[in-house]
Amino acid sequence: MALHDENVVWHAHAVTREDREALHGHKGAVVWFTGLSGSGKSTIAGALEEALHKLGISTWLLDGDNVRHGLCSDLGFSDADRKENIRRVGEVANLMVDAGLVVLTAFISPHRAERQMVRERIGEGRFIEVFVDTPLATCEARDPKGLYKKARAGELRNFTGIDSVYETPESPEVHLDGEQLVTNLVAQLLDLLRQGDIIRS
């Protein structure tokens with residue numbers, strides 16, 4: 001810990017998370033999408049956000065590529081940088097949950113330890129891990145950004161699923177078949193959010 005930590009004290013605010021949730025009419029939570037590149041994380045997260053918005057739910061979508069344009073623009077793809085990337089995203093997501101939002105995150109987040117770190121930061125009941133399980137062959141066939149082709153050609157190192165490991169979730173709240181229709185997957189997620197009392201029926 002830094003030497004100045006003892007002088008940094010958390011400042012509590014008069015307006016609480018519960019106050020903000022009451023204003024929004026729903027609980028704050030994180031829906032954490034994890035899976036290989038091309039698995040469909042961003043597509044499903046975007047469709048879910050659209051569906052939630054239509055229901056009057058206050059949301060925010062944190063996307064893996066987007067945060068690297070600003071918040072994490074100084075980070076690369078080493079194990080240490082990936083860990084820091086997820087730590088920062090977890091902290092931002094936690095602030096947004098405190099604001100009463102339903103936060104959707106779409107990150108490969110290949111390591112269980114980092115996902116567990118965010119889970120512990122957010123708290124049980126507010127962290128919903130969604131494993132988008134799509135076969136590597138399907139992800140490669142989709143290859144929307146041409147990254148698998150570059151990785152296979154040796155032009156891109158430390159690419160998850162090719163020469164960098166992806167640790168599949170052991171007990172995610174939701175296990176989605178990434179080859180199914182997005183509309184069906186969104187319906188499944190909405191049901192889960194209702195059952196978890198995150199959003200109203």
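Including glycine, each Cβ sits where the backbone N, Cα and C put it.
Quick caveat, the model's predicted, so the values are computed rather than measured.
In the shown protein chains, 25 other C-beta atoms lie within 10 A of the C-beta of Leu36 (ATP binding site). A coil conformation is recorded for Leu36 (ATP binding site) in the three-state DSSP classification, outside any helix or strand. The ATP binding site annotation in Swiss-Prot covers Gly35, Leu36, Ser37, Gly38, Ser39, Gly40, Lys41, Ser42.
Close to Ser109 (active site, phosphoserine intermediate) in the fold, though at least 6 residues off in sequence, lie Trp32, Thr34, Ile86, Arg115, each with a CB less than 8 Å from its CB. Marked as active site, phosphoserine intermediate by Swiss-Prot: Ser109.
There are 24 other CB atoms within 10 A of the CB of Gly38 (ATP binding site), with all protein chains counted.
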